[in-house]
Amino acid sequence: MVSVQKVPAIVLCSGVSLALLHVLCLATCLNESPGQNSKDEKLCPENFTRILDSLLDGYDNRLRPGFGGPVTEVKTDIYVTSFGPVSDVEMEYTMDVFFRQTWIDKRLKYDGPIEILRLNNMMVTKVWTPDTFFRNGKKSVSHNMTAPNKLFRIMRNGTILYTMRLTISAECPMRLVDFPMDGHACPLKFGSYAYPKSEMIYTWTKGPEKSVEVPKESSSLVQYDLIGQTVSSETIKSITGEYIVMTVYFHLRRKMGYFMIQTYIPCIMTVILSQVSFWINKESVPARTVFGITTVLTMTTLSISARHSLPKVSYATAMDWFIAVCFAFVFSALIEFAAVNYFTNIQMQKAKKKISKPPPEVPAAPVLKEKHTETSLQNTHANLNMRKRTNALVHSESDVNSRTEVGNHSSKTTAAQESSETTPKAHLASSPNPFSRANAAETISAAARGLSSAASPSPHGTLQPAPLRSASARPAFGARLGRIKTTVNTTGVPGNVSATPPPSAPPPSGSGTSKIDKYARILFPVTFGAFNMVYWVVYLSKDTMEKSESLM
């Protein structure tokens, strides 16, 4: 009985053990099957091929996702790898970006062990992609070196990520009224070319604030500072419908260093140089003329060169106003010198006329006639006296002179003439009449004629001149006669008052400082300094940043 009862117990224990072993084996198999399947799939790319083939089987890339149904939403974001350059002349800017688009296409859902299918650009042409274009783009280039720079990924739930590397040249409208203290908001506008908002819309992937990324190292510009960016969206109406347009505004502020060195400082120095001429003597006409003309030409050159870096706008910029005012100061300095020179010449001419103006004139002809008559009467009395004295001398010394040869007639006659000049000479010296000296020649001639008549021929037919009383008186009388002749010869034409004109007054001198120069030395610098103060305070304190449409 004992042996019969033990056999069923052993059989029961062995059955339980087998059941436990079977459960453990099953659990082990279940735990190892996912790993084995994934390992098999990694080792077998044919599985991916089957997945892709199944996705594209019956897929029509001509139809948008949800065609005839809900609106397709395309989420976008931009990563800027390089910003610039910015051209003021062409009013455009260039940047290099990664442009990302994300949408959901339920036709591309799949079931598989991999969450994301990372594919190359070959898959892009086989599926539907948004027809995004840049509305204000002048030129957009997709990079293809060394292969097309495109990224395409399909997620298990049918979400598509499509990324391209683009270089975009976009238009940037600029209003240069405040140039070069200006700021601009350069837009980048993109949207669908064919699908209106009833079929496709655009949104920002990470929200308006973080969907556009511009690293600091990517925004280093020469003439501008990129101070930020803002985003917005708008709806544009056309004859084909309403379209959603996404816009990114890149806010740029111009750097002034280049323009200060190239334009502002040279203009200020040129104006100061033109005002140096106020301190130069007004008689230095060449020096002041060179100052004026040189500074005017310099300002002309600066104004032309300043416009080379700007488009040909029809309005005046802030720099144009500054250059125009500087040019006005320089030109006014030249006009100021012209005024100084003009008024100085007028003053000198007035002074010369005042000095050279003769005293009030009296009738000259009667006076001269009266003086001439007086002189003739004096000469007549002198001739009579001379004749009387000559006759006395002839009678008193006839015996002595009878032995004198006729050959000495000329010398004795000359001596007699010299003696006859004593009375006229004394009369000329004592006479206050200035015309008596001028008529000395006539007096001498009359005396000579008297001597000739006194020396009449003798009864014997010989010429008997009237000699002087003594021979010692002849030299002195001859010397006096020579002085009288010299006086007559130096007087020139008879009737002249004097051979040497009276000393005239010196011409008026134009030396000294003009009142206009004195006023200009103060007025010009003060006015120019006040202009600079107002100019820089207004423009530096003014908000010259152009407002974007999203902030208006």
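Numbers run from 1 along the shown chain.
Including glycine, each Cβ sits where the backbone N, Cα and C put it.
Keep in mind the model is a prediction, meaning the values are calculated, not measured.
The disulfide entry in Swiss-Prot for CYS172 points, among CYS186, CYS267, to CYS186. If you compare ASN31, ASN144, ASN496 in Swiss-Prot, the N-linked glycosylation site annotation sits on ASN144. If you check Swiss-Prot, you'll see LYS282 and SER356 are listed on the same side of the membrane. For the topological domain 'Cytoplasmic' (342-515), the model gives a mean pLDDT of 51. When secondary structure is read from DSSP and collapsed to three states, ASN144 (N-linked glycosylation site) falls in the coil class.
Residues of the same chain lying 6 or more positions beyond the ends of the topological domain 'Extracellular' (306-318) and with a Cβ under 8 Å from any Cβ of it are 88-91, 176-182, 259, 262-263, 324, 539. Sorting each residue of the topological domain 'Cytoplasmic' (281-284) by its DSSP state yields 0 helix, 0 strand, 4 coil. Shown in sequence order, VAL86, MET91, GLU92, TYR93, HIS184, CYS186, PRO187 are the residues of the chain, 6+ apart in sequence, with a C-beta less than 8 angstroms from the C-beta of CYS172 (disulfide bond).
Look at the topological domain 'Extracellular' (306-318): DSSP puts its residues at 2 helix, 0 strand, 11 coil.
In this structure, the recorded positions ASN144, THR163 were compared by how many other Cβ atoms lie within 10 Å of their Cβ, and the smallest count belongs to ASN144.
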